[in-house]
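Inspection log for the structure reproduced underneath, given as structure tokens.
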Amino acid sequence: MKIRIGHGFDVHKFGEARPLILCGVEVPYETGLVAHSDGDVVLHAISDAILGAMALGDIGKHFPDTDAAYKGADSRVLLRHCYALARAKGFELGNLDVTIIAQAPKMAPHIEDMRQVLAADLNADIADINVKATTTEKLGFTGRKEGIAVEAVVLLSRQ
């Protein structure tokens, strides 16, 4: 069995007059995230983790923000594309662990919906998908409610 581990990290600042979308789930909040795509910072970190595990670069390489084709892009489509690249090489998801770092909004009411979306998009058992949230105790840009940061770790395996 061959195993690969990938780590992804992404940050977006608040400021767009659009819905806040995290893991493909609309989270009620006063503002959305600034981004070329739909701004789903969680799916961007997960996509980077998958691409990293496969040594395929990052989402900026695959979906450049200089390409108008990706303006407002649905990050779920981007995630599924990244996972399809791994599957094409015979790899399947072992597990996914995500940490959302944000002072606001509160994530707890939305975590299970996020896990369901991820399990569906990655064709995985929900038991293999973990999403958790934390704050920085009001320190730094996330603590000042200026944006959201996300870390994602993925394990992929091939029999």
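Each Cβ is built from the backbone N, Cα and C atoms, and glycine gets one as well.
The structure displayed is predicted, hence computed values, not measured ones.
Residues or ranges marked as divalent metal cation binding site by Swiss-Prot: Asp10, His12, His44. What Swiss-Prot lists as 4-CDP-2-C-methyl-D-erythritol 2-phosphate binding site is 10-12, 36-37, 58-60, 63-67, 102-108, 134-137, Phe141, Arg144, and the listing cites sequence analysis. As annotated by Swiss-Prot, site 'Transition state stabilizer' applies to His36, Thr135.
Structure coloured by features recorded in Swiss-Prot.
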residue : record                                                 : contacts (Cβ under 8 Å, 6+ apart)
His12   : divalent metal cation binding site                     : Leu33, Val34, Ala35, Gly39, Val41, His44, Gly147, Ile148
His36   : site 'Transition state stabilizer'                     : Asp65, Tyr70, Lys71, Gly72, Ala73
Ser37   : 4-CDP-2-C-methyl-D-erythritol 2-phosphate binding site : His44, Phe63, Asp65, Tyr70, Lys71, Gly72, Ala73, Asp74, Ser75, Leu78
Asp67   : 4-CDP-2-C-methyl-D-erythritol 2-phosphate binding site : none
Pro105  : 4-CDP-2-C-methyl-D-erythritol 2-phosphate binding site : Leu20, Val27, Pro28, Tyr29
Thr134  : 4-CDP-2-C-methyl-D-erythritol 2-phosphate binding site : Thr99, Ile100, Ile101
Thr135  : site 'Transition state stabilizer'                     : Ile101, Ala102, Gln103, Thr142, Gly143
Phe141  : 4-CDP-2-C-methyl-D-erythritol 2-phosphate binding site : Val11, Lys13, Gly147, Ala149
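Its Cβ taken as reference, Asp10 (divalent metal cation binding site) is surrounded by 22 other Cβ atoms within 10 Å in the chains shown. Neighbouring residues of the recorded divalent metal cation site, listed in sequence order and excluding Asp10, His12, His44, comprise Val11, Leu33, Ala35, Gly39, Asp40, Val41, Val42, Leu43, Ala45, Ile148, Val150 (Cβ within 8 Å of the Cβ centroid). When secondary structure is read from DSSP and collapsed to three states, Phe141 (4-CDP-2-C-methyl-D-erythritol 2-phosphate binding site) falls in the helix class.
His44 (divalent metal cation binding site) has a Cβ environment of 29 other Cβ atoms inside 10 Å.
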